[in-house]
Amino acid sequence: MASRWWRWRRGCSWKPAARSPGPGSPGRAGPLGPSAAAEVRAQVHRRKGLDLSQIPYINLVKHLTSACPNVCRISRFHHTTPDSKTHSGEKYTDPFKLGWRDLKGLYEDIRKELLISTSELKEMSEYYFDGKGKAFRPIIVALMARACNIHHNNSRHVQASQRAIALIAEMIHTASLVHDDVIDDASSRRGKHTVNKIWGEKKAVLAGDLILSAASIALARIGNTTVISILTQVIEDLVRGEFLQLGSKENENERFAHYLEKTFKKTASLIANSCKAVSVLGCPDPVVHEIAYQYGKNVGIAFQLIDDVLDFTSCSDQMGKPTSADLKLGLATGPVLFACQQFPEMNAMIMRRFSLPGDVDRARQYVLQSDGVQQTTYLAQQYCHEAIREISKLRPSPERDALIQLSEIVLTRDK
């Protein structure tokens with residue numbers, strides 16, 4: 001079945017999102033635009049003999065996710081996995097240990113960037129830099145830096161500027177979490193109270209701003225205008241993504257496209273552009289820059305899709321934050337949008353943002369009774385397969401294979 005899936009994938013020119021913007025361009029890349037959707041229809045029509053020209057967006061996505069429903073049965077991989085063979089035949093422990101070699105002292109170095117004289121502001125700004133996070137983004141960035149350097153000139157050395165990108169990515173991500181918690185009025189994250197819960201909303205906004213300013217200073221210190229342009233695009237995307245999340249669409253077809261665009265801007269853009277930034281610093285080849293970007297984008301979208309699945313399938317203790325949180329915020333994520341196809345009565349709840357008493361519980365039950373979780377997981381698998389296809393274009397190395405393994409971990413994580 002797996003080989004059949006790969007034959008189908010190779011024969012399909014579908015790219016789940018638009019190609020990356022060039023240096024300095026506004027970069028309005030978003031997942032699965034109209035031209036890509038049209039190409040998918042044409043490809044599937046040729047291969048299946050079906051007329052898909054009139055299939056609306058969400059049904060097209062659902063058709064693709066159900067085309068090979070049993071693919072990608074990936075065995076679970078944990079950080080404690082013993083040494084194993086990589087795709088290139090070399091041994092390593094696991095991607096996190098491999099990536100962490102270049103990230104020792106990560107959070108200490110971030111705290112040094114936060115040069116603050118006011119003790120309260122310092123405490124707020126350093127609150128999430130306690131070393132207890134997953135450090136998923138810095139790990140990907142460090143591995144991508146080595147993979148690109150090896151591909152370019154067989155150098156296993158990570159430049160100081162590339163390591164700085166890993167720090168900056170984590171700082172931008174953390175600042176966005178602080179601001180998101182204010183907007184969502186969240187009370188817990190990573191198993192502890194949020195900054196806004198402890199210090200209040202006004203001070204939390206300022207703490208997030210301070211982290212962003214420190215990240216901007218660190219970015220300017222690198223001195224590469226192309227890299228600066230790439231990463232400042234991330235900050236714009238974060239803001240635009242939050243605005244997209246605050247809005248909604250009445251049309252079902254527009255609703256799913258809206259959701260995927262929001263997912264790209266709020267989550268995937270940071271990973272994609274951070275990967276691209278380290279590739280620019282380590283290799284002059286634009287083809288490599290595009291590979292790095294596409295890998296990060298596809299893994300980032302898959303990561304958020306699985307996060308949306310876990311909101312329905314994991315308990316609060318596992319997630320470190322309340323489950324069904326998205327429904328309580330009035331958000332219709334992938335599992336909800338797919339479930340709505342089986343239970344059209346959910347449309348009214350989506351439009352009123354689950355605001356009536358009992359809406360959240362009813363919507364959750366509809367999702368669990370439907371194949372919404374399964375279909376969202378299948379869609380995440382497709383994005384991860386695309387990420388693997390992209391990164392496999394680089395020269396074989398332990399770091400490249402670790403990035404392949406990371407894309408598989410994204411699908412099997414439970415928190």
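Glycine is treated like the rest: Cβ placed from N, Cα and C.
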Note: Swiss-Prot has K134, R137, H173 binding isopentenyl diphosphate, and from R101, R111, R156, R190 that site also includes R190
Just going by other Cβ atoms within 10 Å, which of the binding-site residues K134, R137, H173, R190 has the emptiest spot? K134
How far is it from R137 (isopentenyl diphosphate binding site) to D180 (Mg(2+) 2 binding site), counting Cα to Cα, in Å? 18
Fill in the CA-CA distance, D180 (Mg(2+) 2 binding site) to H173 (isopentenyl diphosphate binding site), as an integer in Å. 10
Within 10 angstroms of the C-beta of D184 (Mg(2+) 2 binding site), the count of other C-beta atoms across all shown chains comes to 17
Spatial separation of D184 (Mg(2+) 2 binding site) from H173 (isopentenyl diphosphate binding site) - C-alpha basis, Å: 16
Cβ within 8 Å of the isopentenyl diphosphate site centroid (K134, R137, H173, R190 excluded): which residues? G133, A135, F136, E170, T174, L177
Could you tally the C-beta atoms, other than its own, that fall within 10 angstroms of the C-beta of D180 (Mg(2+) 2 binding site)? 18
